[in-house]
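I have placed the structure first, in the form of structure tokens, so that the comments after it can refer back to it.
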Amino acid sequence: MKNKLVSGTFWLSAANMICKILGIVYLIPWLMFMGNYQDQHQAQALYNVAYLPYALFLSLGTAGFPSGIAKKIAELSHQKDQSRPRELFRSALAVMEVIGIISTILMFIFAPALSKISPVANQEAAIYAIRSLCPSLLIIPILSAIRGYFQGSNLIMPFGISQVIEQLVRVLVIIGGTYYIRVVAGGDILSAVVISTFASCVGGIVAIIYLVVLGKRVGLFRLRDFFILPLHYLRKSKEVTLGIIKESLPFVYVGSVVSLMQLIDQVSLKPIIHFLKPIMSQAQLETLYTFASANPNKLTPLLLSIIGSITVTSLPLLSTLRRKEDLLTGISDTLRLSLTVLLPSSIGMILLSIPLNTIFFGYNLEGSMYLALAIAATFLTGIFTVLLSILQALNAHRKAIYFTTQVLFFKLICQVPLVYFFEGMGMSLASIASLIISVIGVYRFITKTFDIHPLSYVRRYYLKVLQATFAMEVVCILCFIGLSHILAMSSKIHSVIFVVCIALVGAMVFMGMVFGKNIKQLVLNFFHSS
């Protein structure tokens with residue numbers, strides 16, 4: 001279990017990290033092509049307003065289904081009849097095609113309403129930007145079904161490579177399209193944003209082609225598996241289809257928690273500010289939204305991508321465990337791996353929030369404070385996501401739904417007073433408050449229901465991680481102070497040097513204290529097991 005978890009997480013984390021780095025680095029030329037500072041803010045706000053509803057529709061339509069499919073296929077793979085996983089895949093594909101069509105229609109219809117409640121000044125432009133993502137909603141669900149099949153078959157490496165291919169193609173289309181529209185043709189911001197949002201559709205198509213070719217080669221499926229009439233096939237295999245839907249619906253709702261929390265920020269900021277602080281203009285509100293939500297949401301997915309890799313890898317493995325001792329070991333391994341990566345990464349990013357903000361969005365202390373607070377909220381989001389994934393792997397779907405609803409409810413309750421008192425920072429503070437309550441609740445439920453104590457099981461290791469993180473932070477702060485005497489954080493190039501130097505020093509201190517002389521042996525064992 002542990003070797004498979006570490007190996008699978010490594011490959012998927014590497015792929016996710018490459019994807020997220022590509023998804024962040026492209027911002028530098030993209031914003032540069034957009035024009036002046038004001039044009040960049042407008043493009044950022046417009047892009048984010050379009051992408052958040054898309055991410056929500058995508059989460060509701062796809063986020064849970066790959067996990068549900070993977071869990072069912074992992075269970076069926078232990079049986080001798082190998083035709084059942086393929087039959088399950090065909091049913092899943094039919095379900096996803098129908099979901100894609102419904103999601104596309106709904107997003108097209110509700111685009112004006114979503115635009116109206118958004119903090120963007122130009123609502124007509126927001127409608128076009130939102131609708132430009134409709135083709136992606138037809139393609140990505142199919143890609144999700146195929147990835148779920150690969151995940152359930154424990155083929156994590158091709159799963160990760162498909163993510164890199166999708167993101168690479170998407171980024172190339174974004175940069176190439178924006179350069180042509182803004183620099184060569186002298187087009188407007190809306191056209192550049194539309195081609196940037198449409199790029200996800202192109203990336204999805206190329207990733208599907210890669211997985212289909214590879215899946216056919218390794219015998220996962222045949223080409224004829226894709227040539228089905230969705231509604232006809234759903235009627236034909238009603239029992240299998242209902243099984244997929246029943247297994248996946250909890251994953252759908254729970255898997256949408258991050259998008260739902262971000263959407264609460266997007267749709268609530270404008271009415272709260274306009275009702276409680278009517279003196280703020282629409283332009284000021286758009287800038288506030290860009291600083292407090294749009295910009296941080298570009299960088300914080302780096303942390304969530306690591307957690308996503310762990311949950312994707314651990315889900316099929318945990319779902320096959322039955323004995324109490326195996327559960328304790330499996331859950332402890334999952335939490336240990338999560339905290340080992342998430343804690344130092346979050347502390348490091350908070351420390352580097354000023355140079356990170358400068359590199360991508362320009363030097364702005366206010367924007368850096370928003371970013372640091374958003375990273376703290378993302379740390380708790382990551383822990384919460386891992387705990388929910390553990391609940392679902394253990395078939396505690398109702399409790400996972402309950403805690404997801406709880407965190408959204410507390411987020412809504414805290415949002416109004418905290419946004420009133422702290423404006424943009426109130427959104428992250430509301431997330432932090434609601435997540436603390438829910439994380440404690442989920443962990444207590446796991447310990448009481450399954451009579452296990454994962455944190456106590458490896459207490460010494462967690463103490464070592466905390467000590468290493470503290471030492472890393474002290475050393476990095478000293479390096480930060482030293483570098484600040486010779487480098488200017490207002491410079492993008494100097495900020496890159498800041499980030500690279502401090503990240504390397506921090507990683508060496510942390511890894512050295514946690515693993516010590518065992519680093520070389522751990523690396524050798526990992527590659528041997530993979």
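Including glycine, each Cβ sits where the backbone N, Cα and C put it.
Outside the transmembrane segment (12-31) by six or more residues, the chain places 40, 43-44, 156, 159-161, 163-164, 166-168, 171, 174-175, 178-179, 196, 298-299, 301-302, 305-306, 308-310, 312-313, 341, 359-361 with a CB less than 8 A from a CB of the stretch. If you look up TrEMBL, you'll see 12-31 (among others) marked as transmembrane segment.
The transmembrane segment annotation in TrEMBL covers 51-70 (among others).
Under the heading transmembrane segment, TrEMBL lists 91-113 (among others).
Look at TrEMBL and you will find 125-146 (among others) tagged as transmembrane segment.
The transmembrane segment annotation in TrEMBL covers 167-183 (among others). The list of residues near the transmembrane segment (167-183) in space but at least 6 beyond its ends in sequence, with Cβ under 8 angstroms from a Cβ of it, reads 18-19, 22-23, 26, 29-30, 33-35, 189, 191-192, 195-196, 198-200, 202-203, 206-207.
Residues or ranges marked as transmembrane segment in TrEMBL: 244-264 (among others).
According to TrEMBL, the transmembrane segment annotation covers 299-318 (among others).
Marked as transmembrane segment by TrEMBL: 339-363 (among others).
Taken from TrEMBL, the feature transmembrane segment applies to 369-388 (among others).
Marked as transmembrane segment by TrEMBL: 428-446 (among others).
Feature annotation from TrEMBL assigns transmembrane segment to 466-487 (among others). If you look at the transmembrane segment (466-487), the same-chain residues 6 or more away from its ends with a CB under 8 A from one of its CBs are 343-344, 347-348, 351, 494, 497-498, 501-502, 505-506, 509-510, 513-514.
Here TrEMBL flags 493-515 (among others) as transmembrane segment.
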Among the ranges 125-146, 339-363, 428-446, 493-515, the one whose Cβ pairs under 8 Å to the transmembrane segment (369-388) are most numerous:
428-446
Who are the long-range neighbours of the transmembrane segment (339-363) in its own chain, taking Cβ under 8 Å and residues 6 or more past its ends?
13, 24, 27-28, 31, 37, 44, 295, 298-299, 302-303, 306-307, 310, 369, 371-372, 375-376, 378-379, 382-383, 462, 465-466, 468-469, 472-473, 476-477, 480, 489-492, 494-496, 498-499, 502-503, 506, 510, 514
